[in-house]
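Chemist: Straight out of TrEMBL:
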type	residues	note
TRANSMEM	A:6-32	transmembrane segment
TRANSMEM	A:44-60	transmembrane segment
TRANSMEM	A:66-90	transmembrane segment
TRANSMEM	A:146-166	transmembrane segment
TRANSMEM	A:198-220	transmembrane segment
TRANSMEM	A:226-257	transmembrane segment
TRANSMEM	A:264-284	transmembrane segment
């Protein structure tokens, strides 16, 4: 265990944390604020990944490496639109029935996976990161791949954007008001219906953006979403349901625990260690790191 | 009226009986049992297609012993107990003469007792970890000494002395690497590290960090499926390329190369008994026939070539035995040899193939160019002498 290895693992922890955070941020909105257990959240990531592939196919030949900048709005709007449709067609009818949302969204996730299989084939599609993301920053003996730094930056930008939106914008004030007391907010003139739809599709859109980041380092195939959904829920639950800040802290914590466990044992053992620690942690703090105060939670 | 009806039904049933006995005489049933749905479908559908192609070719030329082959196709659904149930159905209900099928070791291990109990015969087309031998299975894919060990020997001959073993966490990589480790020690090379990632895993930063610390000369890769995509993306991002740290893979063939992205895989190695680019005439014919049916860009892999040839091997054994009876066919198949797309192959007494081994380098369009091949053909050894001393096939 030399210094280079340990600093490399520290960077790994940060990089794992950024991916956990990207996967979980959208979920922090739909699960955290709206109590919708969205099992199809991973499929929004998958949609983001496929839209990244399409952006590379369409814009790649004309724009060169700049196709990546087309991918972000495309993935955000595409996944967000899908989220809006889903909210309008299914979720809207199931508010206040978390177990029913779990079943319904699980069904939707299977439908979306099969749809991707029909459209793109079950083999998965290749996405190659632009050349300018190909290099690495070298600090002494430690190399930090640009693509990893890019994903970390992406997670920070999305986190900052979400924090600003929830805490500094009029929209965020309405969201927080509805979260704390839905009836009172409605009585004061907040259109809770359209707000629900906006929040849900925003969560979906953020997952789409996360999908762009993932496509640069992971496969794009019909089941890629399923690979991230468990960890995304872990982050939201450990962080404290409803807290965006909690999700961020939890992602960093889980990222470093994973990197540490992987460094000293093996990758397959590390996942087991992580789950044992999470179970133990939830015995100690069942409401997560940063519990939010809200009517809904106190009633539950 | 009732008399007329009984005459009619008797006549009709006589005609039907005659027709069915006639068809029973002119056809023979075989089973094709692969995952047509679920996670393995991506690999197994094309293998089933290759077996079907051989059957169609044989039927077009008059069949086997004058009988047309009728295929009973069953879906193992990527679910190992389902493979056992479907195998039982094929043997006891459809009474097939033989079965072509299976891919994962788990599916094979669940089918094995069914074939042994019912006296059936299975042709299994995929490379595997060895350490198993059944008189009811013809293992045509590579045994460890026909893929893993030649790859190791080739790596050592190129001067790569420090070897890192990377695999998915299940039976095949674990067993293959157990054998490799014995031989690495035996050949005075160095094992610089060994890592397993859960099947389907996508996060490789820690693994790459460990590789960086271990400074190996070469990686021997037994990852399966899409984990390969993540690994090669993150390996490249960490600044590695084929010329600085080569990777030799055992589960990446032409089809997988297309999915990983040929750019990412450029210059990396794979070891198999078959590559689509093999220049022999039987292979050119096979590739042309397959692409005519499934599209000009269709990739053809080692397990597909094995599955295609398995049907021809079965036909030759049936004709030699002059019988469809499974155990008579099993007896007759020993010693049969033919010029197949894989080159010259012969069936050894243990039911596996004596076949050549090729190491290829990945290039344009996901095709592999052969850079090394075994001296002649290699005899199959299901039990590695170092890893499983004293164990042999009956």
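Heads up, the Cβ atoms here are built off N, Cα and C, so glycines get one too.
Note that TrEMBL annotation is computational and uncurated.
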Chemist: Contact between the transmembrane segment (A:66-90) and the transmembrane segment (A:226-257) is defined here as three or more C-beta pairs under 8 Å separated by at least 6 residues; is that satisfied?
Modeler: no
Chemist: Which listed range (A:6-32, A:44-60, A:146-166) shows the maximal number of Cβ pairs under 8 Å with respect to the transmembrane segment (A:198-220)?
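Modeler: So the stretch in question is A:44-60.
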Chemist: With a Cβ cut-off under 8 Å, give me the same-chain residues at least six positions beyond the ends of the transmembrane segment (A:66-90) that come close to it.
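Modeler: Sequence-remote neighbours of the transmembrane segment (A:66-90) are 40, 44, 47-48, 51-52, 54-56, 58-60, 104-105, 108, 130, 196-197, 200-209, 211-212, 215.
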Chemist: What residues elsewhere in the chain lie close to the transmembrane segment (A:146-166), defined as a C-beta under 8 angstroms and at least 6 residues from its ends?
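Modeler: For the transmembrane segment (A:146-166), the far contacts come to 11, 14-15, 17-19, 21-22, 25, 29, 129, 132-137, 172, 175-176, 206, 209-210, 212-213, 216-217, 244-245, 248.
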